[in-house]
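Positions annotated as transmembrane segment by TrEMBL: 45-69, 81-99, 119-138, 241-265, 285-308, 344-363, 383-404, 470-501, 513-532, 553-573.
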Amino acid sequence: MGFFTKLWTFRKILILVLTPLLLLPLPLLIDTKEARCAYTLFVVAVYWLTEAIPLAVTALIPALMFPLFGIMKSKTVASAYFKDFHLLLIGVVCLATSIEKWNLHKRIALRMVMLVGVNPGWLMMGFMISSAFLSMWLSNTSTAAMVMPIVEAVIQQILNAEAEVNAIQMKNMDGTSNLGLQLDEDEVKRENNTEAESNGVEHNTVCKIEPEDTSPQRSVPKPEMERKYLSKKDHMMCKGMSLCIAYSCTIGGLSTITGTSTNLIFAEHFNNRYPDCHCINFGTWFVLTFPITIIILILSWVWLHWLYLGFDFSRMFRCAKDKSEKEKASAKIINNEYKQLGSISNQELVTLVIFILMALLWFTRDPGFVPGWSSLFPQYKGYATDSTAALILGLLFFIIPANMPNNSSCGKKSYLSYTTLITWKEFQSCMPWEIALLVGGGFALAQGTEDSGLSAWVGSKLTPLGSLPIWVTIAVSSLIVTSVTEVASNPATITIFLPILSPLAEAIGVNPLYILIPTTLCTSFAFLLPVANPPNAIVFTYGHLQVIDMVKAGLGVNIIGVLAVMLGVRVWGVPLFDLETYPSWAPPHFIANITGP
């Protein structure tokens, strides 16, 4: 056992050393550009999947190996590491930094929850809607980190209210309320003593439960439930509330190009590989994915509600005037949290206005069904992109002052410091440099596979798949990436598969969007494990869940997600992008003879 323990301890070093050595026969025996590029691709893929070294460091490997293998010049590789994607990311991060700095996201989340009510089922729906909406514009990690403390405060308030209600009920049932009987003094004294003993036992019981709530022992699930929760029903409610945050933070990001890094990676890869296609923009992506997001969100809520709160949906729609103690406690904590924010500040108001303007500019740049504002510059068609709108408004955060100067002075000359809505240091702390480098490495890999001829070679070998129904090909590719993304990061997964699936679509004569869009969306479905997604890890640290809980609930959400994506792409995605026609903007394909002589 000692040997295997040491082996497991040094597993990353072994992967780091053995991977290039074991794959070395590939470029040595097959001395072609395709083989050398495949060698680089395999090494990078293994390092990304195992995270033997940081993802951003692995992304730099193509910049080293492509020039040494004669695949691409160093200057050409370097240019692939900074694209239009990075400018869009900068503008989005400027917005996200200001939203988080001035607590606008917290105000939006609490307000949405207050609108839907405090019934546990509606409360779960309110948190899911607010988390999904925020993750459309912020990273899913930031959204989960912001919303989960609010959910935890509500959970603790509900549990405390439940304990108080139980204590009151036990006190009323101790036998002292029968005042209709005539008792002598001894009986009254004896009854009073009994009451005192009963109350003492009750308080001691509560005191025993509360200290054990902080016990670090988490190895035995059932005793933990008995220590932390007054009933199994309370424990199940805590599980459902935690999982709804983890899943909705991921689901919401599907509906916008900027919502997740996988969407951004897809958009940049697609625009680089098919520059003549101008069909993917913020508006068309939203039209396709927003209904899919709504379907997944509602069905996931129904699934989690049935799994952890029961199947009594009719109770939720009864307009009862008297609220339970749990509902009163939930409303109280949410209202208190919202009151602590105070009235909306000037900084929040300016951030909200810029936020709305940025969304409007994205939607109206080139909506497709009507001319957008980019048509105002016909001589520069295709020059302005979503990154242009993001930068126009993103730079305003470094210009607009955070505190407007006041005119009040007491005869003395006042000096006001000029502080903008965000500072460069705050922007740097929010900027995901790792993602920026990871995406750049993916672009370099994609360009390397194209220049070396590996992309065309893979496409020719995948041509026999053209004999299968298209929906089978889409389903298989979607299930593969959904499985891989559970053990690998979402950006790494989509970066590996995009250069493979693009030539596949071209080889079988299918519109590339027909395969790439569902694959991109399914890459975000990392719901099974705590390590599969940052929101999963964040909610798991609060101690309400076990791995088996996340696997059981996540499997259902995964199935819902894949089916909803297949439905959306098939029903309204086909007419939106004309998916059943091989487009003119894609490379011409040839029909290979796969039937044999």
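The backbone N, Cα and C atoms fix where each Cβ goes, glycine too.
A TrEMBL annotation is a machine prediction, not a hand-curated record.
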Recorded stretch that, among 45-69, 344-363, 383-404, 470-501, 553-573, has the most CB pairs under 8 Å to the transmembrane segment (513-532): 470-501
Cβ pairs under 8 Å between the transmembrane segment (470-501) and the transmembrane segment (241-265), at least three: yes
Considering the transmembrane segment (81-99), which listed stretch of 119-138, 241-265, 344-363, 383-404, 553-573 counts the most C-beta pairs under 8 Å: 383-404
Long-range environment of the transmembrane segment (383-404) - Cβ separation under 8 angstroms, sequence gap at least 6: 84-85, 87-88, 90-95, 97-98, 257-258, 281-282, 346-347, 350-351, 354, 357-358, 361-362, 365, 374, 377, 416, 418-422, 424
